[in-house]
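Novice: Dumping the structure here so I can ask a few things about it.
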Amino acid sequence: MSSRFLLQLLGFWLLLSQPCRTRVSEEWMDGFIRMCGREYARELIKICGASVGRLALSQEEPALLARQATEVVPSFINKDAEPFDTTLKCLPNLSEELKAVLSEAQASLPELQHAPVLSDSVVSLEGFKKTLHDRLGEAEDGSPPGLKYLQSDTHSRKKRESGGLMSQQCCHVGCSRRSIAKLYC
């Protein structure tokens, strides 16, 4: 029994001593390649597969990932905000009895007591339309907002064009695997 245990321990130790094939050395990532067509596509898959592409990006851009992780998300609950009384402000024709019932009901709901309100703004349809119009960007060119967003999709277009330039460069001149990983992975 003890010899079998030692044999299993030896096998386990040998497995642990083998280098992990998903990790990539610096020399391999900085290696200069010159490939075209299918070979380029296969190399792209090999570079971006498993953890290879993530390794190339993680070594050069840890601050970018940290900045994305610490992005501030606005909270809807603000303990210093005024009580939630927009119903009473928007409906001036309510009787005093209904206003009293509404204020008592709102006071009994703790989740409504800390909701922020727009105290100085006048809620009107025209103001809402103007705000919506400005936010969608129709004020500049008069075109519908959907068309504007389709026309302003320059980030993905630039990425596609730079990808084509990278494949041509790798075919004619050559490029490093790290530059491919930065562009595609």
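Each residue, glycine too, has its Cβ placed from N, Cα and C.
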Novice: In Swiss-Prot, C175 is listed as disulfide-bonded to which of the following: C170, C171?
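Specialist: In Swiss-Prot, C175 forms its disulfide bond with C170.
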Novice: Do any residues at least six apart in sequence from C175 (disulfide bond), in the same chain, have a Cβ closer than 8 Å to its Cβ, and if so which, in order?
Specialist: F32, I33, R34, M166, Q169
